[in-house]
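TrEMBL annotations:
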type	residues	note
DOMAIN	A:3-39	domain 'Galactokinase N-terminal'
DOMAIN	A:84-172	domain 'GHMP kinase N-terminal'
BINDING	A:Pro112, A:Leu113, A:Gly114, A:Ala115, A:Gly116, A:Leu117, A:Gly118, A:Ser119, A:Ser120, A:Ala121, A:Ala122	ATP binding site
ACT_SITE	A:Asp164	active site, proton acceptor
DOMAIN	A:251-309	domain 'GHMP kinase C-terminal'
Number of protein chains: 2
Amino acid sequence: MTVSSAPGKVYLFGEHAVVYGEPAVPCAVERRATVSVEPREDDHIRVEARDLSLDGFTVEYAGSTGDHPDVNVPTPLVEAAIGYIDAAVEQALDAAGESDVGFDITVESDIPLGAGLGSSAAVVVAGIDAATRALGVELDAEEIADRAYRAEYAVQDGQASRADTFCSTMGGAVRVEGDDCRTLDTPNLPFVVGFDGGAGDTGALVAGVRDLRERYGFAADTVDTIGDIVREGEELLSEADPESDPDESLLVELGNLMNFNHGLLEALGVSSRSLDNMVWAARTAGAHGAKLTGAGGGGCIVALDPTPETQTGLRFTPGCEDVFRAELATEGVRAEAEHDDASTGETAE
Amino acid sequence: MTVSSAPGKVYLFGEHAVVYGEPAVPCAVERRATVSVEPREDDHIRVEARDLSLDGFTVEYAGSTGDHPDVNVPTPLVEAAIGYIDAAVEQALDAAGESDVGFDITVESDIPLGAGLGSSAAVVVAGIDAATRALGVELDAEEIADRAYRAEYAVQDGQASRADTFCSTMGGAVRVEGDDCRTLDTPNLPFVVGFDGGAGDTGALVAGVRDLRERYGFAADTVDTIGDIVREGEELLSEADPESDPDESLLVELGNLMNFNHGLLEALGVSSRSLDNMVWAARTAGAHGAKLTGAGGGGCIVALDPTPETQTGLRFTPGCEDVFRAELATEGVRAEAEHDDASTGETAE
């Protein structure tokens with residue numbers, strides 16, 4: 001049994017626009033997906049998923065090239081999760097030069113699925129790391145990030161950016177612009193996440209922005225404008241001392257940029273009633289800024305507030321199902337000690 | 001006693017950006033301010049205001065150049081209303097070549113104050129028309145619009161655009177870009193207005209956009225982008241048959257542009273929690289699009305829906321105090337027959 005974990009992320013700035021070559025700044029946060037893999041005697045893949053914001057499911061099928069069987073919880077989210085695990089296994093086999101190895105795979109995650117916190121990237125990154133290590137191959141972080149990107153790219157029909165997978169692999173705050181991926185040295189920002197219990201349809205949301213952008217020059221300009229906000233934001237971050245707590249003026253300025261970014265995302269049609277409701281609740285509670293994070297359409301918002309006020313405010317906001325402080329995850333993908341919770345409940349090695 | 005009325009308006013597109021020379025398309029709607037004036041023997045101005053979303057007030061003071069006395073309801077909104085009436089009287093005296101004529105003035109309005117429906121422009125336009133006619137001068141519409149603009153400009157410290165006053169004077173849909181004001185021939189759009197019972201501080205909101213625009217290139221770009229939406233919208237309107245009801249595809253496209261425009265206004269910081277809440281309620285109810293109208297910060301939203309659904313949805317939305325269908329007011333400023341309701345309760349002529 002080989003176990004790896006990788007963090008989810010919030011977007012400080014730049015989701016959606018990053019698909020069109022604009023920069024984005026995602027920040028890894030301490031919510032992790034943990035993937036345990038155990039090579040099998042045959043070439044079957046058995047996936048057991050727990051805690052994916054649903055009741056868990058188990059599915060077994062014949063290798064990454066075989067037909068996918070019926071799933072016991074056949075929701076679109078589960079189908080999506082299987083697709084990512086499948087693509088991760090394919091990358092791991094390719095990296096190890098293997099083709100007919102099967103795995104028992106257990107996925108545990110405290111990152112809600114499809115909610116804008118990068119659950120799929122975390123699963124793919126942890127899955128590639130665990131599966132390659134199980135096959136005796138040690139990939140460096142750059143290669144894990146690259147293979148994870150290729151896995152997402154395949155599953156998402158070419159609509160992926162490197163942002164989520166690079167961020168989940170490296171941890172911390174990162175800056176991604178096309179193929180150019182860098183880690184950023186930033187102070188630990190006081191993120192608060194609100195979750196409406198829902199999920200957006202990433203594919204449809206990305207397609208919606210693409211349609212608007214192709215149809216209207218002003219929508220293309222709006223995407224460019226998001227890139228300008230990101231550039232402004234990273235300049236602010238670069239001037240801050242990464243070793244000390246961010247000072248109030250930095251939080252105020254970052255918050256203003258987050259608010260502006262959120263409005264442009266709302267213009268692009270990727271917000272939702274409950275996301276806007278949580279964004280306003282956070283601002284009303286005193287957050288320096290708040291925006292949706294990720295693809296939108298439902299799921300999570302991220303706010304900036306060093307005080308407990310925003311958490312309290314969101315906790316009393318109807319439609320906000322969960323609130324938590326999201327510490328910056330300075331570690332990206334990492335090997336985990338095998339533990340009972342992560343076992344499949346069958347034989348541990 | 002001379003009585004004039006002028007309509008309020010909703011912004012189909014372009015508020016705020018119009019201040020910076022971008023085009024805007026306000027549409028006059030059948031909510032009117034009625035101003036009755038009666039020249040006095042002395043040069044005092046006595047203003048009685050009713051139905052201005054507050055309990056009414058009466059104030060008397062010595063001429064437009066004299067000191068303003070205490071008002072019995074000294075809210076900022078009343079102060080503002082007096083400022084507009086004052087400026088309208090000044091314009092009327094100037095047009096008539098008079099200087100020492102006083103008036104008893106009664107203002108009645110079913111346009112909520114400061115709520116984005118152009119209450120101040122309607123009062124100024126109707127006031128100038130009534131006061132000049134009372135002095136035996138008949139101004140043409142262009143001059144009324146121009147003088148009303150100058151009155152607003154004076155009261156608002158140079159932050160006025162010609163949009164509100166031109167629209168209220170001419171009626172119907174208009175297109176204003178800097179000093180270039182035109183009437184548009186449009187079909188009667190199915191406007192629904194939701195009102196949160198509040199008001200925004202127009203001066204502070206306009207100043208907020210100005211600050212953002214001076215500070216950030218991306219905010220200036222966002223203002224420009226609003227102009228592009230307006231140009232797109234007016235092209236759609238120009239292709240529609242003004243004689244028949246708008247077809248669904250036009251409403252869908254206009255609605256998309258309204259939604260986009262709202263997001264950009266939200267980015268510029270001029271929306272509010274209750275405005276966004278009503279916007280989402282309207283969209284959820286099936287409106288083709290919805291946006292705040294006017295300066296924002298509170299007040300009204302305008303939605304596009306030929307069915308009763310949006311009205312019903314807004315009626316059941318907590319925080320929405322009033323909902324009404326806003327028919328396009330094809331008539332702008334007009335003389336009204338004197339009627340008892342419009343009299344000051346004192347001697348009618």
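Cβ coordinates come from backbone N, Cα and C, glycine included.
A quick note: this is a predicted structure, and the numbers were derived from the prediction, not measured.
Averaged across the domain 'Galactokinase N-terminal' (A:3-39), pLDDT in this predicted model comes to 97. Here the Cβ of A:Ser120 (ATP binding site) has 31 other Cβ atoms within 10 Å, regardless of which shown protein chain they belong to. Between the alpha carbons (Cα) of A:Ala122 (ATP binding site) and A:Asp164 (active site, proton acceptor) lies a span of roughly 8 Å. Looking only at the binding-site residues A:Pro112, A:Gly114, A:Gly116, the densest Cβ neighbourhood within 10 Å occurs at A:Gly116.
The ATP site is set by A:Pro112, A:Leu113, A:Gly114, A:Ala115, A:Gly116, A:Leu117, A:Gly118, A:Ser119, A:Ser120, A:Ala121, A:Ala122; from the centre of their CB atoms, other residues of the chain with a CB within 8 Å are A:Gly8, A:Ile111, A:Gly294, A:Gly299. A:Gly114 (ATP binding site) carries neither a helix nor a strand DSSP state and counts as coil. Between the alpha carbons (Cα) of A:Gly116 (ATP binding site) and the residue listed as 'active site, proton acceptor' lies a span of roughly 10 Å. Each residue contributes its Cα atom, and for A:Gly118 (ATP binding site) and the residue listed as 'active site, proton acceptor' these two points are 6 Å apart. Helix, strand and coil content of the domain 'GHMP kinase N-terminal' (A:84-172), in residues and according to DSSP, is 52 helix, 7 strand, 30 coil.
Neighbour counts were taken at the CB atom with a 10 A radius for the recorded positions A:Gly118, A:Ala122, A:Asp164; the maximum falls on A:Ala122. A:Asp164 (active site, proton acceptor) and A:Ser120 (ATP binding site) are 9 Å apart (CA-CA, integer value). Annotated pair A:Pro112 (ATP binding site) and the residue listed as 'active site, proton acceptor', C-alpha to C-alpha distance, rounded: 15 Å. The residues of the domain 'GHMP kinase C-terminal' (A:251-309), classed with DSSP into helix (H, G, I), strand (E, B) and coil, number 31 helix, 9 strand, 19 coil. Each residue contributes its Cα atom, and for A:Gly114 (ATP binding site) and A:Asp164 (active site, proton acceptor) these two points are 13 Å apart.
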